[in-house]
Every structure is written in structure tokens, then in C-alpha cells.
Amino acid sequence: MPDSIVHVKKGQRFLDVIKDKNVVAVKIDSVLHDLRDVAERDVDAIPVSVYSDDGLYILRHSAAHLLANAVTNLYPDALPNTGPVVENGFYYDFDMKPIGEEDLAKIEDEMRRIQKENVPIERIVYQKADLLRIFAKNPYKIRIIEDNVSDASSVYRQGNFVDLCLGPHVPSTGYIKAFKLLNIASAVYKHDESKTLVRIYGTAFPDEKLLKQYLNNLEEAKRRDHRRIIAEMDLAVFNSEWAPGFPLYTQYGQTIRKELLSYMDSMNRKNGWFDVWTPHVFRDTIWKQSGHYAKYRPNMYLFTLPDGDSYGIKPMNCPGHIAIFSRRKYSYRDLPVRYSEPGTVYRYEKSGEVGGLTRPRAFTQDDGHAFLRMDQIGDEIRTLLTMVKDVFTILFGNIELSFDLSVIDRDHPENYLVSYVCRNCGYRIEGARGTDIECPVCHSHDLEPDLSVWDNATEQLRDALKSMGIEYKEYPGEAAFYGPKIDVHVKDAIGRMWQLSTIQLDFFMPVNFGLTYTNSEGKEDRVVMIHRAIYGSYERVMAILLEHYAGKLPTWLTPIQTYVVPISSNFDEYARHVHEELIRHGIRSEIDTSQETVSKKIKLIHPYRPAYIIVVGSKEMETNSVTARNREGKSKTYSLSEFIDVVKKEIEQRKVDQAF
């Protein structure tokens, strides 16, 4: 049924025609409608299954209303604010007295009671004045109405609960069968940061099997949380008193960073990127010229020196690379010019938004900027896409990648940096943005947007993706105002998608900084910039690697590659010999010659996740061998020289899997 088309006659309710309980709405001319709606004319309606993306969104939105209904039943003084659908679930914010995790079960029980009653959910349209009267006791809803409703809007009623909403929703609460409340958090009200709201998170699925699978994955995700693994492996320190949001790496965490840095450096050199360095601080004039001052000022660290000079700690690396590029003139034969840098940037995030390595206030990007001609875009993109695939194959092995192409919204060119041609005098305005643009020659406002640069560049991106056999999704209107981009996501071991790489075209910076080259006819042409970060940032890729591998990183990335354990003090000398030989051959090794038992030594080192535990006793000492134990607990005996060769090969080839 959900994949078919249903003919509905004028005056019929969709709910009366479509009996499939897995259908939660209908789509007519690409617009979603409630099943309780009545057809205003004879229509062909597409049933929307609860198992579809649209259907799941509707289910979760309805579950958010069910949550608000339950909370206001149990806590009559609670004032609901908003309850949107988010990735993997929903939340609802309330102005209410504080509650704890122990209260979730009570709220969930009330939700189940309302669900079992199968209360009809009805859409009603009210004029603005009536809406203000209905929600007069809730200042949060009043603010939403005043800001967003001009004449009229809809509410959804289920029993005694009414909520301001555009919908659509499921026909009745009985459709919301598989749901779970997850946790409670605090949230700052966006219109008054002094006011803290109670945020309750939950999730909902079409059936119990999918819900159980998700909850199991959620538990696995908690076990794999990189913050937990970082503490267990002693990789970094997060000191909220001295450096809130700024990770401090131990020798073990820095080892992982250095390996990632070294690998990216080798890939950059292989692909023609020059390694550069730029300072962490610039005068604010460069940030004003680049546009970061206007756009990112609330998130920048700014300061003024006693002599009056104002400076900003860099939130991005691109202006520094532009400053290097601008030092000389270029011919068309000189391009492309590629600069790369492991550049640390600093962005102020609110304390509630900072978390681990995925949302720090300081992070290091594997940042690169290519300066090239328009006709070179396609080849450069192909090279970068190849680099992306090569890098992630090394880091993750055989992993699923997804590619998103964000392009311009052609119906709203005013939101982007485009060229305009004056219809009155023919003058061409390069790189303008906005609705009120005036021709500098004749002062006419009758301007024709010229999207040819965008179209040319976007087509080269499409061609690059297609020529490499890469499937991608295209998102109109999602491009940055200064150019289209490609985002790359990876799927980890438990099925989560993470965005890592970004390849971003930029028509804005070259205009702002006057970046040109001399073309084959001796004339000046505008340079095109490409911003690229393959890892995204070293912090983010490290976090994802730790969670993907549950801390059991490939040997080349593992801080402790071998851990040598003598079975008694009689073999300490041989154990030291093994340990020193491993180090001499470039293998990161540690040794435990304490008086603890072998089992206790192994138990103590287990959280650090060494690649191999080397146990030595009389047999190994007599034969100059080692017994190596891998992470799965499997043991194998090698001669010392053979084991060194095996591990060195595993490290040098950056293998994902262990030797045995």
C-alpha cells in the first residue's frame, strides 16, 4: 500500500479510504497531509509509510506531542516551549521545576496510558487572536505566535492537550507504539539566556524490534564513547577549571596525533601540496577583510594590546594561506598552487555545547587551500576525491562512504555571491550579494543575476563525482554563500554516519583579497579557491577512530604497540632485552617488571589496549623467542627477529588488521 497511489474522491477522508495501519499520512503534489484531512477535490494520494523517512519524522513529531501531553498531565505548572524532531529521536523543552532521571519512568508510564487510549489527534486552524487567547498562560507559545504567525495557524488537539504546530501528525495516539525516553538535560532559552529549561530527550520507531535494536546500539555507543576510552587509555586531559574546552594531550594521545599528522603529511607531499605554517594570531584587519570578523566575531577570541592594536586568534586558516599566496604574481602556467597546514584554530563555543574531541574550543585541521583556474576545478576535485578514498581506506579499511553535493538555490541568487549584469547599461558587477544592489555606472537596480560561474563550477563537481563512479546526493540551497561544496561521511562499526571531509569551492575570498593571475592573453583573471580538509580535524577523526575501533586502533596508530611481561623476576633481563630490541627497531614498547602476577599485569594494562602483549619465560629465553598475544586473546610464538619483522611490516604498511 505505501508504495502505491490511492485515488480519493472529493469529500472523502484519507483515513476512511486508506486502512493500512502502517500509513501515517499522505502526500499530494509533494505536500504532506494528515490522514484525518478531507480531500478538497478528486486526488491521487501517495500513502506515507511509517517506515519511510517522512513517516518516521511524523511519528517522532507526534511522540514529542505525546511527551508534552504526559508532562503537563503530571506537572500542571509545566510550560511547554518547543519539541522538534532531531537525529534519531526528538526532545521537548519545558519551563518547570527540576526533575531527575528517576522521573522518566513515571512520565513514560503516563505516555503509555495516553497511547493505549488511542486518543484522536485533530488539526484545527485558528486566527491569530484566538491563538493568543488559547495560549495566554504560556509566554513561550505567545512569543512563537507573535514572531511567526501573521493571520492564522494550526494547532493539534489530543484530548485535553493542545499544541501549536503545523503538522502533520499521526491520526491518533495509538499509532505511537514503540517509544522510549532517554535522558534529561538543561537548555538555555534562546530569547533569554538567563532562563534555563528542562529538556527531555526521547526516541520512537515504527516497531519494537527497531526500537530494541536502536537501544542496543545506544548502549554500544556508550561503551564506545571516545571520552570514556580517552580516560581509560590516558590519552588526554579535559580540565574544566584551567582549560575548559581545550584538550591537553598526554604522551599517548600525542602519539596518535603525530601518526595521523605524519600520514597526512605524506599524502600531501604525494599529491603536490606545499607544507606551510601560519601564526595563531593576526591583526583584526585581516579578519575584517576576510569577512570572519563580521560573521564569526561572537565565536572569536579577540584582544587589544596596550598600544591600541587589536588582534584575533585565528578561527580559520585560510586568510594566512591567502597572505602567503599574495606575496607574488602568477601566470596561468603557475596554477594550481596548493598550501597545506596542520593549523590549530580557536572558536568560542558555549559551555553547554563543548564536548570531548568532537566539539572542542581548539582543534587542529588538516587544512589545505588550492588556488587555481576555473578550468582546473574538475581535475583538482578528482584528485581530492581520490585522496579522500585512499585516506579512509587506510584509516578504516573497507568502510562505507557517502557523498553530498551542496549547490545553489537558483530561485534565490540574492543569498549567494554571484555576478550581476545591469539591464540598463550592460555593466557587469562581480561578486555581489543581497537584494538591494545598485549599478555603480547608471545607478539602476534592474540587474540580471549571472549564475554562469556557479553553473560551470557545479557541473565540474558533478562530472568529477560521476567520472569516478561515486554515487552522491545533491542538496539545492545547501551551498555556502561563496560556493558549492562536497561533504564526505563515513559509516562506523555500529552504523553511525560521521561527517569528516569537506571540499569547498570559494568565489568570495579571491574577490575580497583581489587574487588574480595573468591568463594566456596577458589579462588578469580571478583565481578560484578550494578549501579542503580530509580528516576534518585531527580531534574529530581521532574521536571517530576511537569509537569505531572501540579503542583497539590499528597497530600503527596504537600508542603502546607491544607490552612485554616476564612471567617472573628470573626473566626480567631477557624481557628487557626483548623490550630494547623492539624499541631499537622503531616499535613503541613498554615493559612491566613489577612483582605482580602475570594475570594482574595483563589486567592492569588491558584498558590501555596495547596491540600485542609479549609474555616471556624460560622457553622464550632459551630459544630467543617471544609469545605474542593479540587483542582477541589468541597467542602465537615467534622468534624475536621474526616477530619484529611481522610487527614492522604491519606498522609500515599501516594495516587495519593484526598479523594473526
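Glycine residues also receive a Cβ, built from the backbone N, Cα and C atoms like all the rest.
Copied over from Swiss-Prot, here are the features:
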type    : residues               : note
BINDING : Cys318, His369, His531 : Zn(2+) binding site
DOMAIN  : 1-49                   : domain 'TGS'
REGION  : 225-554                : region 'Catalytic'
Listed binding-site residues (His369, His531), ranked by Cβ neighbours within 10 Å, top entry: His369
Non-site residues, in chain order, whose CB comes within 8 A of the mean position of the CB atoms of Cys318, His369, His531 at Zn(2+): Met316, Asn317, His321, Ile322, Asp367, Gly368, Gln504, Asp506, Met509, Met529, Ile530, Arg532
Structural state census, the domain 'TGS' (1-49) (DSSP three-state): 4 helix, 21 strand, 24 coil
Mean of the pLDDT scores, which run from 0 to 100, over the region 'Catalytic' (225-554): 95
